[in-house]
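Record features (TrEMBL):
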- 1-33: region 'Disordered' (REGION)
- 58-345: domain 'Protein kinase' (DOMAIN)
- Lys87: ATP binding site (BINDING)
- 352-440: domain 'Cyclic nucleotide-binding' (DOMAIN)
Amino acid sequence: MYHSRVTAKKTEPGHNQRTIGSETVAEPGPKSASNFDYDAMTIEQLLRASIPAGGTRLELRREVGRGGMGSVWLAIDRSLRRPVALKQLDDSYATNMSQVANFLREARVTAQIDHPNLVPVYEVGVRDGHRIYYTMKLVEGEDLAVRVRSKPLEERSQTELLDQIDAVIRICGAVAAAHDFGYAHCDIKPHNIMLGRYGAAYLMDWGLVQPLSHKSVIRSTSYSEAQEVSGEEPKWIRDADLFTGGTPAFMAPEQARDAPITAQTDVFALGAVLYFILTARGPFTNRSRDEALRRAKACDFERPSTLRDDVPPALEAIVLEAMAEDPRERFATVEALAVALTRYLRGGGWEFESVSVAAGDVVVRQGELADAAYIIIEGRCEVTREESGERRVLRVMEAGEVFGETAILAGSPRTATVRALTDVTLYSITGAVFEREIGRWNPWVAQFVQTLARRLGED
């Protein structure tokens with residue numbers, strides 16, 4: 001999908017100069033209507049002057065993208081005075097019933113599913129008597145693949161990683177809306193996820209969209225309302241041959257095997273996008289398309305953690321569940337995947353394991369080597385220290401308090417014993433998580449923190 005940088009500045013009263021990519025477009029500004037002499041013209045004359053007739057309304061500027069069956073153009077809508085993206089079916093396919101039907105299905109599905117993470121479709125039509133097209137919002141920005149590969153992964157900050165995961169969560173919403181409407185995207189990949197201005201994210205290119213079986217989808221109210229407005233699709237569109245395909249590097253095994261498509265097919269692809277975020281490569285990437293397809297059929301991919309040693313285990317677990325070979329072992333819905341990712345983000349990317357401790361039991365013991373720190377979620381704990389053969393109570397801790405971190409950071413034995421006064425629920429944060437997170441800090445900051453922890457442990 002085409003994307004560009006668009007800016008505007010004033011040139012002369014009533015006119016704007018708009019820069020789209022490397023091209024500057026001069027167009028009347030919002031005040032240009034004041035140049036009309038309303039007293040000397042009729043309404044019909046005003047409309048003719050403001051709204052170009054017929055095919056002259058859309059002015060094609062240049063081709064900005066090309067796919068297997070068509071091209072995308074930067075165009076100017078002269079009536080509304082705005083740039084748009086115009087997708088046009090190639091002439092060589094314009095007489096093929098299946099190609100035309102699928103092109104129209106792509107336009108209709110994208111237009112009918114109302115979601116903020118889908119690009120709005122403005123219109124569908126025919127130019128020059130035979131060129132089938134539809135126009136849509138012109139998206140500025142870059143695709144997720146470009147964003148991930150813009151710097152080495154080891155230089156990516158935690159905030160940047162979490163932002164990319166957040167974009168996937170928003171795309172999950174768009175896919176869920178499509179599933180609710182009765183369609184699967186079938187070509188979800190980083191290159192089809194556009195990251196626009198102001199944090200916007202869009203799922204693009206619905207050219208391979210396929211209807212889900214009635215057993216795998218619950219039709220929404222919006223679907224019913226759309227059918228009331230548009231009626232059932234004409235038989236020649238509904239029964240046209242669906243184009244199977246996709247991108248083998250990100251394809252679910254059942255799609256590679258030409259097996260029935262379900263909602264879990266898109267769940268797998270979203271997991272493959274997360275895999276790309278963690279590794280900067282698709283799970284089945286290969287120089288040979290046939291070999292990539294073979295690997296997709298066999299669900300033959302390496303775990304992200306075997307490719308990189310900085311992969312968060314909790315995030316990898318989400319990826320592996322989404323990419324299970326058996327669709328029944330994946331997240332049941334796209335919404336369930338989004339919930340798991342949201343829960344991960346709310347922890348700041350940290351992995352918290354819940355631990356239950358009975359009243360009277362020891363959580364950590366003085367003198368032991370530290371392997372985890374803890375956050376109290378529910379209950380109360382007592383902190384004691386043995387000194388000269390006597391047991392001294394230091395304090396009582398309640399929900400929200402943290403303990404055990406000093407020994408982890410300093411790499412020293414525990415300096416106190418913590419015992420549960422009541423039944424307690426804790427979050428356990430392992431030493432491995434601490435080491436990984438500290439490794440991402442500025443080195444001098446990490447040194448300060450570890451030195452401080454050692455000195456506190458000496459007191």
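Yeah, the Cβs are placed from backbone N, Cα and C, and that goes for glycine too.
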For Lys87 (ATP binding site), nearby residues of its own chain (Cβ under 8 Å, 6 or more apart in sequence): Gly70, Ser71, Val72, Trp73, Ala107, Tyr133, Tyr134, Thr135, Met136
Integer mean pLDDT for the domain 'Cyclic nucleotide-binding' (352-440): 88
Tally of residues which DSSP labels helix, strand or coil - the domain 'Cyclic nucleotide-binding' (352-440): 15 helix, 45 strand, 29 coil
DSSP three-state assignment (helix, strand or coil) for Lys87 (ATP binding site): strand
